């Protein structure tokens, strides 16, 4: 018998960030403290199947691997009663994108009555939706880029003024970003400056979501910080992204080891700006009711040095070049200890939830 905590490391999934998820899971699997935890990888294939234990371990070293006959998740109980795995004590989801970080998987864990790393259901759903994040950040006094949201029914109406580049430019300026509201890692994002580009960008973004944001372009430098904890979160230092391509931080820039973008940690910025980035991050983390972890991304606007929120990533990557673990390593929390803390915070929140009343006696 072992008294180690059994961790279900869930990764993969039917998402545009599928391979990123596998790379993150590989790193967590390699770095987790095996004196404290027994790890059981759980690979959800691109087709939505849950592979067995052997294949789930193999794919960690080969993200492009496919299986012919994976074990299908036929019902909820299969998650915790698979024949080749013991019952899991705590889940560590690293399924990026749709279903994995939008509250769906988190809701399943709540139904299973199991602790899990990362946001609870509400915060996961809110932070996945860029518009909802903006609304809550504004209420907390954190600056955000001006935006217009275009819903699917509006996009399908050829007479809707939001489809007119000239109208949108009159509200937000001619230099714009078009992005799916519920996607991460710059997937489906386009930079546009004219009518033709705008039409193409809308079509591209609507491939990924039923709501698209059109935002003013904030010229400056992308800065990021990381948050760890529940009621008394720790805010790391600030990192800065230097993009040699002189363009926005693309999906490839974020996850390609050969990317020409570099991460500067700590950022060489005035102390006042660093503290503003950190204070804003804490405000947003609490306003969106995050718990466990989040990476807060902002732009340092060049014209006035205002820190403008761009995104809350409540399930950040753990790849070789991911900013989240690097920021905590810089302040003295190494990768292995960070993983342990995340699991501890998951257990802490679960234990607290158990003290809440759910019915009136």
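All positions are counted from 1 along the displayed chain.
Glycine too: its Cβ is placed from the backbone N, Cα and C atoms.
Annotated domain 'ATP-grasp' per Swiss-Prot: 134-344, in sequence order.
In the three-state DSSP scheme, residue 183 (ATP binding site) is classed as coil. Around residue 183 (ATP binding site), the same-chain residues at least 6 positions away in sequence with a Cβ under 8 Å from its Cβ are 16, 97, 98, 189, 208, 209. Summarising the annotation, Swiss-Prot assigns ATP binding site to 169-224.
Annotation source Swiss-Prot lists Mg(2+) 1 binding site at 297, 311. Taken residue by residue with DSSP, residue 311 (Mg(2+) 1 binding site) is part of a strand.
Per Swiss-Prot, the feature Mg(2+) 2 binding site maps to 311, 313; the stated evidence is sequence analysis.
Proximity note: of the listed binding-site residues (176, 197, 204, 211, 313), 313 have a CA within 10 Å of the CA of residue 297 (Mg(2+) 1 binding site), given in sequence order. Taking Cβ-Cβ distances under 8 Å and a sequence separation of 6 or more, the neighbours of residue 176 (ATP binding site) in its chain are 168, 169, 191, 192, 193, 198, 214, 215, 216, 217. Between the alpha carbons (Cα) of residue 311 (Mg(2+) 1 binding site) and residue 218 (ATP binding site) lies a span of roughly 13 Å. Other Cβ atoms within 10 Å of the Cβ of residue 218 (ATP binding site) number 22 in total over all chains.
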